[in-house]
Amino acid sequence: MKLQYLVALLSVQAVPPVTAGYIHQYALVGSVIRQPIDQKTQRENLNKLVSDSPLLSLHRTICEIESVSNREGAVGEVLLKYLRDRGFTVEKQIVPADRGTNSTAERFNIWAYPKGCPRPKIILTSHIDTVPPHIKYSLHAPDGDFDRAKVRIMGRGTVDAKASVAAQIIAALKHLKSNKDIPLGLLFVVSEEVGGSGMVHFSNSELNTNPPFFHTLIFGEPTDLTLVDGHKGNLRVTIEAKGVAAHSGYPWLGRSAISEILPILARMDELGDIPVETGGLPSSEKYGRTTVNIGTIKGGAADNVVPETASASIAVRLAAGTPEEAEEIIRRAVHDVSGGSTNITVNFPDSMPYPPIDLDVDVEGFDISTVNYGTDIPKLEIHDEELEVKVKRYLYGPGTIFVAHGAEEGITVGDLEKAVEGYSKLIDAAVKRGWPREVVVN
């Protein structure tokens, strides 16, 4: 009786669903779940899932290659070959190493377009550099019942922004397969994470014509699959203080640079929280308040020495106004706190600060969001001043910015695959729109 009861029980045992031939943790025989599968088998199943998908395998290939800013050459070469093998004409745009780096390796932007279409009307663009350190690519099955869409891909760049790079390429290939005459271009740039010299290089090149030959730009960054209607502006600030060194036992013989800079930094820290009328930085309904982040503070030589120097670097995310207006507010605040001391110096080292950037969101089928982070978008100067219809700029991509740059950077298979659909919608809208009239490009 006991044996019969056991057989009857097993015959009605509920079994977790199996998706795409894979199952997490358990081996399935008939309708009976037996012992957990070993890690080797699970790893093989996950690797097969990736290998069977052109999107996932491309994403894995480029994420496995370290491409920290100023060391993007290796991943660039892989993408060059990948695109050429699939019929694109591909050009290198050599970009010099950023100032202050020791890198001598070649690195470059990638400019790709279908054969016979050197001036595509629609450009998909993202960046191939990442922040340090490189974190190894890895695959992780979901807890509980297996769901293919919930498989998690971890590692540096899996979100920011190689997810966008892979999804944009696959979306472009799918469109060109159905219609080889679609005027699609791909631009993948270097150094987005450290100042944007890659996009600046493209912007200053002969490819950025006046007026532009393109009518649509689709930028790829982690946006949680939302279409972004704008992002905050950016301004960098450095403040330096000079003191006089002395023995800490006789501090009146010197002057502390740290003591001079501290009240100024306290004032800077609150500029985003107080009204413009009382000396604060502006806010807006769309972007909220301007935020001030004191990122680094340096000063002094030892605890028994009155510090001779002190400095701080600050990032300001502008919610309203112009960088020039923000600079004036900051100078005034520093002057008020320091009493106009000549021992305090304020500098704005970014050669290309920018105000809040408004973007296009006129394509149906997307949730809309606003983001606080910066992008390459303001680094590309678009010469459409004389055009009746301006160039469209869209910002969209898979993954969340909340894990980008962190130790837990990662994305799900489902989000990566949905991004291909999202980019396809944006491409379709751009193809349908086209130029309202012919534009002569010099």
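Backbone N, Cα and C define each Cβ position, glycine as well.
According to Swiss-Prot, the signal peptide annotation covers 1-20, on the basis of sequence analysis. The N-linked glycosylation site annotation in Swiss-Prot covers Asn102, Asn343. As annotated by Swiss-Prot, Zn(2+) 2 binding site applies to Asp160. Swiss-Prot lists Asp160, Glu193 with the feature Zn(2+) 1 binding site, giving similarity to another entry as the kind of evidence. For Glu192, the entry in Swiss-Prot reads active site, proton acceptor.
Structure coloured by features recorded in Swiss-Prot.
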| residue | record | DSSP (3 states) |
| --- | --- | --- |
| Asn102 | N-linked glycosylation site | coil |
| Asp160 | Zn(2+) 2 binding site | coil |
| Glu192 | active site, proton acceptor | helix |
| Asn343 | N-linked glycosylation site | coil |
So of Asp160, Glu192, Glu193, which of the recorded positions has the fewest other Cβ atoms within 10 Å around its own Cβ? Glu193
Pairwise Cα distance for Asp160 (Zn(2+) 2 binding site)/Glu193 (Zn(2+) 1 binding site) [Å, integer]: 10
Cα of Glu193 (Zn(2+) 1 binding site) to Cα of Asn102 (N-linked glycosylation site), in Å and rounded, measures 17
Asn102 (N-linked glycosylation site): tally of other CB atoms within 10 A of its CB: 6
